[in-house]
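Accompanying notes for the structure given below.
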Amino acid sequence: VHIYSTYYMKKDSGYNRFFSYISFFTFSMLLLVMSNNLFQLFLGWEIVGMASYLLIGFWYDKPLAITANLKAFLINRIGDIGLILGICLLFNYIGSMNYIKIFSCSINIAHLNLPNTNCMLITIICICLFIGAMAKSAQFPLHTWLPDSMEGPTPASALIHAATMVTAGIFMITRMSPLFELSNTALSIILFIGAITAFFMGLLGIIQNDIKRIIAY
């Protein structure tokens with residue numbers, strides 16, 4: 001994508017600015033992927049959101065681009081609320097954000113309920129984490145920002161839609177899979193939301209005329 005961008009953005013007046021944004025985006029994804037604890041993952045997660053905001057609104061003189069990047073920013077903040085709650089619950093009950101510590105102690109909280117409720121603690125934690133992934137990976141009903149994000153340059157769209165950002169949610173769930181394996185309810189919810197998203201986004205893609213929006217759906 002970086003190599004392709006050198007040709008695609010060659011005549012754009014914001015050439016240098018674009019490469020500062022896209023390099024910032026790449027750095028944030030590497031930070032997220034290489035993390036060994038939830039704090040570092042969350043830091044990379046938030047920087048990815050900031051970088052995507054800058055890339056989607058790269059052509060800031062276009063009203064549609066400004067609307068699209070604001071929409072992406074706000075919807076991803078909804079997901080961040082769930083992610084923060086999940087991380088806080090894990091830290092409160094396990095006392096660490098390190099992956100190894102969390103996975104080794106997760107079996108000890110698998111049988112616990114939330115205080116004064118009949119809800120399994122591990123299920124609530126997994127659902128909170130999944131809400132974060134829903135927004136980042138554009139799962140129904142937090143998917144509406146993704147087609148609009150096509151207002152950014154094509155190389156930015158390639159990063160956001162295919163290579164990195166929408167797979168960040170999948171990566172996080174895969175990374176935390178030892179937790180999700182302890183909750184059949186959470187796994188069923190993930191299956192249900194994923195199936196709905198795949199089906200309805202496929203239908204929406206069929207009726208689109210813009211090739212970039214078809215790819216987005």
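Cβ atoms are placed via backbone N, Cα and C, with glycine included.
Record features (TrEMBL):
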DOMAIN    1-19  domain 'NADH-Ubiquinone oxidoreductase (complex I) chain 5 N-terminal'
DOMAIN    35-217  domain 'NADH:quinone oxidoreductase/Mrp antiporter transmembrane'
TRANSMEM  18-35  transmembrane segment
TRANSMEM  41-60  transmembrane segment
TRANSMEM  72-94  transmembrane segment
TRANSMEM  114-135  transmembrane segment
TRANSMEM  156-174  transmembrane segment
TRANSMEM  186-207  transmembrane segment
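The average per-residue pLDDT of the prediction over the domain 'NADH-Ubiquinone oxidoreductase (complex I) chain 5 N-terminal' (1-19) is 85, rounded to a whole number. Contact between the transmembrane segment (41-60) and the transmembrane segment (186-207) is not supported, since fewer than 3 Cβ pairs fall under 8 Å when only residues 6 or more apart in sequence are counted. Pairs of Cβ atoms less than 8 Å apart link the transmembrane segment (114-135) most often to 72-94, out of 18-35, 72-94, 156-174, 186-207.
By the Cβ criterion (under 8 Å, sequence separation of 6 or more), the transmembrane segment (18-35) is not in contact with the transmembrane segment (186-207), since fewer than 3 such pairs are found. Same-chain neighbours of the transmembrane segment (186-207): 122-123, 126-127, 130, 134, 138-140, 143, 173, 180, 213-214, 217, counting only residues six or more beyond its ends whose CB sits under 8 Å from a CB of the stretch. Secondary structure by DSSP for the domain 'NADH-Ubiquinone oxidoreductase (complex I) chain 5 N-terminal' (1-19): 12 helix, 0 strand, 7 coil.
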